[in-house]
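Take a look at the structure below.
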Amino acid sequence: MASIQDIGLSAAINLMSAFAFLFAFAMLRLQPVNDRVYFPKWYLKGIRGSPTRSRGIMNRFVNLDWTTYVKFLNWMPAALQMPEPELIEHAGLDSAVYIRIYLLGLKMFVPITLLAFGVLVPVNWTGETLENIDDLTFSNVDKLSISNVPPGSPRFWAHITMTYVFTLWTCYTLYMEYKTVAIMRLRHLAAESRRPDQLTVLVRNVPPDPDESVNEHVEHFFCVNHPDHYLCHQVVYNANDLAKLVAQRKAMQNWLTYYENKYERKPTDRPTTKTGYGGFWGTTVDAIDFYTSKMEVLAEKVSAEREKIMNDPKAIMPAAFVSFKSRWGTAVCAQTQQCHNPTIWLTEWAPEPRDVFWDNLAIPYVELSIRRLLTTVALFFLIFCFMIPIAFVQSLANLEGIQKVLPFLKPVIEMKTVKSVIQGFLPGIALKIFLIILPTILMTMSQIEGYTSLSYLDRRSAEKYFWFIIVNVFLGSIITGTAFQQLKSFLEQPPTEIPKTVGVSIPMKATFFITYIMVDGWAGIAAEILRVVPLVVFHLKNTFLVKTEQDRQQAMDPGHLDFATSEPRIQFYFLLGLVYAAVAPILLPFIIVFFAFSYVVFRHQKYESGARYWPDVHRRLIICLIISQLLMMGLLSTKKLAKVTALLLPQPILTFWFNRYCAGRFESAFSKFPLQEAMVKDTLEKATEPNLNLKEYLKDAYVHPVFKGKDFDRPRVVDEEESNPLVPTRRTSQVTSRYNSEASSSNTATPVANKHTGSPGSM
């Protein structure tokens with residue numbers, strides 16, 4: 001059991017690690033060679049030029065201006081003082097709201113901390129119960145917890161009262177934050193400049209038609225049902241195989257460029273490589289000739305695959321991006337049911353083009369339900385199977401476990417400093433290392449589920465990560481820690497005493513979670529700011545392979561797993577704080593807020609969702625609050641207070657009602673776009689840009705990236721509506737409508753009304 005000295009040593013180690021990472025970050029960001037890694041937003045916006053092109057040879061790599069090193073920490077106050085509107089303009093609303101999660105933690109826990117230390121610490125410290133329990137391992141830190149209060153004591157009224165106070169304060173702060181973020185989102189949408197996703201919906205599950213292609217079917221459906229607002233559409237092609245070939249050709253091109261540059265630097269020595277994988281084995285051949293031939297073969301394959309996609313009707317998926325003339329028409333289509341059959345012609349707001357996950361657009365809609373069912377089953381087994389190795393790691397990451405496995409180290413681990421490191425630092429770092437591969441696994445599972453946007457993949461991965469750490473890190477660590485640390489007490493005590501031991505032991509896990517948060521929240525976040533992986537990847541690619549501006553931008557990109565996993569981690573910290581605020585008021589040390597500012601100011605953001613993830617954040621915080629309430633009820637039931645525990649029953653019920661109220665009050669702002677706001681933006685745009693050509697603006701927005709290169713022909717975007725408002729169809733009309741009379745006067749056939757509108761045809 002960790003003591004105050006152990007916790008202090010752990011805090012010192014993690015603080016030193018955090019400051020070391022921050023110092024390294026402050027130094028590395030000053031070097032010209034790292035400029036693109038630490039200032040990617042400026043490069044992407046085109047407001048910063050490469051310093052390596054305009055300086056001397058030495059100055060291209062090392063900053064020789066000593067005055068910049070004197071002021072190397074100036075970025076910290078600058079980040080903290082950045083106004084929120086400026087932060088939104090620079091990093092986007094997603095990043096600004098991400099920081100508000102940290103600020104919410106401060107608003108929530110500073111008053112709770114003061115109340116806990118002012119009211120509960122004196123009540124717990126003077127309980128004098130732990131000393132009277134035989135064979136129980138505890139430290140002085142545990143005397144601050146509810147475990148030190150004797151069963152049946154009137155002191156528990158203080159805990160019951162504070163539980164209600166904590167709940168009311170938490171709900172108040174959550175309500176105010178939900179309201180603020182909802183207003184920020186609506187203001188952001190109203191002020192946002194024109195983007196293709198504002199005028200486009202994604203249509204899924206287009207029903208098959210024996211007489212028409214998907215192209216024709218989509219066009220006729222929207223010409224009939226949205227005649228005043230439909231503009232054009234782009235069908236979805238299954239270009240996944242072509243994308244793989246293009247990626248292979250790009251990799252070959254990079255290697256070819258590398259060897260050509262190598263040959264230019266030393267013309268007397270023709271470069272060679274081996275034909276095996278990675279060039280490590282196989283026959284030695286001329287590198288330039290080898291990769292040139294590879295490029296020719298891949299070029300033929302790419303050309304053949306492109307022709308196959310363009311000419312094969314089966315390559316067109318039953319989905320399309322449909323664009324409209326106005327935001328009002330787009331909002332109506334995206335937020336309404338298109339057909340009497342709710343399983344076809346499914347419409348939703350299209351993701352912004354850079355947010356589209358193109359690989360999943362080719363998945364048939366019917367297959368999605370099966371994929372999601374299988375992924376849910378796989379996630380269940382992943383969560384509960386991971387508990388076994390976590391329990392094993394937790395059992396070894398303590399003095400008894402190490403002495404049992406490695407008895408020859410007993411003299412070393414008995415040393416005071418080593419003992420403090422093992423008890424205060426090792427359990428947290430062992431668990432953190434064990435979970436390193438988890439984000440990649442969860443993101444892969446989300447991709448298999450078939451979601452079509454990177455932002456939704458992030459949100460789904462965050463949800464999985466949240467439940468994983470709740471079950472494994474929180475419940476798993478409590479259960480396994482209690483079992484291994486108090487095993488002797490369990491075996492020697494009568495069965496009637498086991499609930500008492502459990503009730504005493506669970507609050508005593510607070511020390512483990514304090515050390516875990518220090519590792520994950522202090523050193524871990526500071527290490528993320530350093531951006532080691534993007535830094536290494538950028539320099540490796542820039543040294544060997546990167547030759548184009550697009551490649552440099554991709555080399556700077558660290559991916560989006562960090563955002564998907566860091567946000568649920570913060571909600572996990574909230575759970576720990578809520579649980580231990582009432583039972584062990586040694587509140588978890590909170591992450592320094594400028595870490596969050598630094599994270600969003602310097603990361604490369606792949607998309608902007610307008611803070612659509614906030615309802616998920618709110619819901620998970622509510623779940624954490626309810627879990628803490630239930631655990632408090634269970635804990636008090638072991639303290640001979642079964643009747644008093646009933647007083648806590650209204651808490652989870654009222655909290656659930658509060659969540660429903662907040663959802664009804666604010667959630668629609670994150671899933672729907674008000675028609676009033678849409679009309680206002682449309683009116684302003686018509687007044688300020690009367691000659692805007694929307695077709696030209698949208699024509700390439702939702703074309704698959706593999707068709708956007710100079711070597712590719714772009715699939716045709718259907719945009720015939722203006723010149724031909726009633727498109728001829730091969731079918732014969734079965735009902736009479738105003739479209740029939742108009743079409744007959746111009747000698748054209750009409751769309752079949754019952755096919756497109758859902759209305760039954762006359763018999």
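Heads up, the Cβ atoms here are built off N, Cα and C, so glycines get one too.
TrEMBL labels come from automatic prediction, so no person has curated them.
These features come from TrEMBL:
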{"type": "COMPBIAS", "residues": "730-763", "note": "compositional bias 'Polar residues'"}
{"type": "DOMAIN", "residues": "8-177", "note": "domain 'CSC1/OSCA1-like N-terminal transmembrane'"}
{"type": "DOMAIN", "residues": "199-360", "note": "domain 'CSC1/OSCA1-like cytosolic'"}
{"type": "DOMAIN", "residues": "371-636", "note": "domain 'CSC1/OSCA1-like 7TM region'"}
{"type": "REGION", "residues": "718-763", "note": "region 'Disordered'"}
{"type": "TRANSMEM", "residues": "12-30", "note": "transmembrane segment"}
{"type": "TRANSMEM", "residues": "101-121", "note": "transmembrane segment"}
{"type": "TRANSMEM", "residues": "156-175", "note": "transmembrane segment"}
{"type": "TRANSMEM", "residues": "373-397", "note": "transmembrane segment"}
{"type": "TRANSMEM", "residues": "425-444", "note": "transmembrane segment"}
{"type": "TRANSMEM", "residues": "465-484", "note": "transmembrane segment"}
{"type": "TRANSMEM", "residues": "572-597", "note": "transmembrane segment"}
{"type": "TRANSMEM", "residues": "617-636", "note": "transmembrane segment"}
Mind pulling out the one from 12-30, 156-175, 425-444, 617-636 with the most Cβ pairs under 8 angstroms to the transmembrane segment (101-121)?
-> 156-175
Please indicate, using numbers and ranges, the residues of the same chain that are 6 or more beyond the transmembrane segment (617-636) and have a C-beta under 8 Å from a C-beta there.
-> 101, 146, 156, 159-160, 163, 167, 170-171, 174, 177-178, 463, 466, 470, 503, 506-507, 567-568, 571-572, 574-575, 578-579, 582-583, 644-645, 648-649, 651-652, 655-656, 658-659, 662-663
Average the pLDDT scores across the domain 'CSC1/OSCA1-like cytosolic' (199-360) and report the rounded value.
-> 88
